[in-house]
């Protein structure tokens, strides 16, 4: 089984490299830049007035001779402002702010998969693809999303609202399977990043349609019989105050 999964993963990577640039949303799928009419270094780009204040606040967290330490939060802010992806002009602007050669910023943007270097939807849906979520049905979740939206992985719907990608380990394996929704519909001012856990193919489609209607579906566990990460039906252990260890007098401390 593991050999089959590994072979499938290799096939997916090969297909990703064969796709045209416009369909590649993750920095890990494409580690070079090709100029295009909407993404080239000649296009002007700068932070908005409100975000310029945020830039000052971010830089204040670091010594003046270590401005480059602010690269990641500044790229994140730029991505929020730019509709969920980083143009080469935006990365060049960040390099100018932190006073480093642009290649130093490109290295960061191509290393971390949270940075998208081609356009994504206003709602960027990421399905957890790590082993616990796969065992619990994440592939079925992804298939339901792609089928309902009529796109392939990393493609954007024709209306520009949705795109679907994969993320490795969202850190809540006990609530697998799960997705996260990066909401770029309101720019950096209204940006949200929410997790939806204990998801099912039916429920994930309902969430998409709620987002399409402009609603804000409740995030966290989607299992009505669970509270956060607690067991379904309620706790069966640790129902009272734990007993102190017999080898230590806590009152003497």
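Here the Cβ of each residue, glycine as well, is placed from N, Cα and C on the backbone.
As written in TrEMBL, here are the features:
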BINDING   128, 133, 169, 173  [2Fe-2S] cluster binding site
COMPBIAS  219-238  compositional bias 'Polar residues'
REGION    213-253  region 'Disordered'
Around the [2Fe-2S] cluster site formed by 128, 133, 169, 173, list the extra residues of the same chain whose Cβ is within 8 Å of the site's Cβ centroid. 129, 130, 131, 132, 138, 168, 170, 171, 172, 176, 177, 178
Within the same chain, where does the region 'Disordered' (213-253) have neighbours whose Cβ lies under 8 angstroms from its own Cβ atoms, ignoring anything closer than 6 residues to its ends? I mean 6 or more beyond. 172, 174-175, 181, 194-200, 203, 206-207
Given the binding-site residues 169, 173, which one's Cβ is surrounded by the fewest other Cβ atoms within 10 Å? 169
What is the number of residues in the region 'Disordered' (213-253) that are helix, strand and coil, as DSSP sees it? 3 helix, 2 strand, 36 coil
